[in-house]
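Asks: Straight out of Swiss-Prot:
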type: DOMAIN; residues: 5-239; note: domain 'ABC transporter'
type: BINDING; residues: Gly42, His43, Ser44, Gly45, Cys46, Gly47, Lys48, Ser49; note: ATP binding site
type: REGION; residues: 281-663; note: region 'CmpA-like'
Amino acid sequence: MSLFVAVENIEKSFPLSGGNEYLALKGIDLEIKQGEFISLIGHSGCGKSTLLNLIAGLELPTDGAVSLEGQQITAPGPDRMVVFQNYSLFPWLTVRENIALAVDEVLRDLPKEERQAIVEEHIQLVGLGHAADKPPAQLSGGMKQRVAIARGLATRPKLLLLDEPFGALDALTRGNLQEKLMQICEENHVTAVMVTHDVDEAVLLSDRIVMLTNGPGSKIGGILEVDIPRPRKRMDVVHHPSYYSLRSEIIYFLNQQKRVKKLNARKVTTVARHGLEKVNLEIGYVPLMACAPLVVAQEKAFFAKHGLDEVSLVRETSWRGIVDGLTENYLDAAQMPAGMPVWMSVGGQGGSPLPIVSSLTMSRNGNGITLSKALYDEGIQTVDDFRNLLRSTADKQHIMGIVHPASMHNLLLRYWLAANQIDPDRDVQLRTIPPAQMVADLKDGTIDGYCIGEPWNAWAAQKEIGFTIASDLEIWNGHPGKVLGVREDWANRYPNSHVALVKALLEACQYCEDPANWDELRELLSDRRYLSCPKEYIQFSQSTADDLAVPHHRFAGAGVNRPSRTEHLWMMTQLARWGDVPFPRNWVEILERVCRVGVFSTAARELGLSEVVNYQRSTPVELFDGVPFNAEDPIAYLNSLPIHRDFSVAEIALDQPRPIAAA
């Protein structure tokens, strides 16, 4: 495809009463190739239709330029046809006459017979031969929109522009017209730009989906490539492995924009009380069993006990929401996968590094690797069986789900695969999927398995759609699971609040560890505010003799909660091993700043937990394969691993200034 439409640094303002201006779009850059179908999606008021009008020439930009085939667009033209949500048909003309009016005006140089043939061709193209002589009053809404599409295509435009063309139609008619438009565009290689609010419509029709942020000053927040091959059929699209991940990405973006809008609309002030710099905290979490300490601290008033009497727990659907919440400053703290503090501190999220402090390990264990029942039915019961299957079906794509690159799920799954001579990037494909979606994807057959925290392994086993092929007891018993994370600048600004937060959660961890509290804990976690799942799927166990499918969370005990720099270093090496981040040349400095043992020790000492303060973990990091981790020479350790990507070593500058939310 060659470059066809260029939108270059567009800015568009509209005058307001009183001499003011409203900035609708700012800094829009977009290149469209010939034959592409582009969808523009975003909340109302984000400038989707404004951008479409600029491409159509119905509006002119305040700054920047739009060009078609190298020619700047300065006015409407017949090379660009717009199909609006309203049908815009002349009520006194028939279907044939409405189309002919446009054809006769635009293609006037063609012989009459040829123009008539074009009209008839496009009437048949949209399936309206039986209604060609009817006026609009005798047509349904879907038929009227077909006339509008036929009229737009009949003039042979270079670019078809659609402004929510199916928004006013019922679901059945909308679905039929989407299929028809997709067929027409594919068969005729039409270049199209469409405005839509419909996520499924965007995925079905588009080659790329452009997501616009909220206005004023709306910009492109992201562009998704739709890797679903053409020609497409609706059910093939729904069952394609990329469908749910694309859909989830768009929904996540739209939900984040909605949240940002709400946050911008309210004025948040820092509330200091009880000798603490801030007591009104927003703490993020993802609904997994490992969030139990946060739920207990809230429901059993441990937060309030330690002076944090205005805590709100913010439920996120994915770990990306946690990253965005800390990056954008609308979360004070968060439950995190154990590898995320290091990952963000070295810049894994993109952009400059964001130092994250971890002063508490909230849970250990609680993960598992699940494969589909379909694989079990094929005789896959061990990792050797799985490896043999992969080698015998090398031409087939095998997909495993993970929740985030920095999660222990990803690091443990990759380690387990590589230690069993399975390359996690070449023999399988790892796909990032929100935790709650894993089971649905496994059931639907779009993935072959996943590594995730509970209750999703137990859920799959009890629903008989998957089986646990390996638990964390087998891979690394006692590995860090979830940690408390805060921004370093937040920790420095609110040191007393930070200690109070660790104290409250440390008490909550001890509560969660006590088997006498597990029945109540199951009730709390199953509530719709938290995990929103049947409590029979929420199981706890401290016995390693139990079935491997039973979770073995550890929330407290000797060495459970104290953060370990050696463990963080191991995670740092694994992230570098697979090319997610460079290995930091200044790794000692980064570990000292990420792993704040002093804050943990202060909190534990003030709670009277001297045995926790004085405990020193003596067991080295060693996983199931018996390969010792060389914490003295991590580069040599990385080079000794038989399967790894080419990794780089770089100095990571942590002291670049970043704004923190104003008090």
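Cβ coordinates are placed from backbone N, Cα and C, and glycine is handled just like the others.
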Asks: Counting only residues 6+ away in sequence within the same chain, which have a CB under 8 Å from the CB of His43 (ATP binding site)?
Replies: Asn214, Leu254, Gln257, Lys258, Lys261
Asks: Other than Gly42, His43, Ser44, Gly45, Cys46, Gly47, Lys48, Ser49, which residues of the chain come within 8 Å of the ATP site, judged by Cβ distance to the Cβ centroid of those residues?
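Replies: The answer, listed by sequence position, is Thr50, Leu212, Asn214, Gly215, Ser218.
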Asks: Which of the three DSSP states, helix, strand or coil, fits Lys48 (ATP binding site)?
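Replies: Note: Lys48 (ATP binding site) is helical by DSSP.
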Asks: Drop a 10 Å sphere on every Cβ of the binding-site residues Gly42, Gly45, Gly47 and tell me which sphere holds the fewest other Cβ atoms.
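Replies: Comparing Cβ neighbour counts within 10 Å for the binding-site residues Gly42, Gly45, Gly47 gives Gly45.
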Asks: Neighbour count, 10 Å Cβ-Cβ cut-off, for Ser49 (ATP binding site): what number do you get?
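Replies: A count of 20.
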Asks: What average pLDDT is reported by the model for the region 'CmpA-like' (281-663)?
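Replies: It averages 89.
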Asks: Please determine which of the binding-site residues listed here (Ser44, Cys46, Lys48) has the lowest count of neighbouring CB atoms within 10 Å.
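Replies: It is Ser44 that, of the binding-site residues Ser44, Cys46, Lys48, has the fewest other Cβ atoms within 10 Å.
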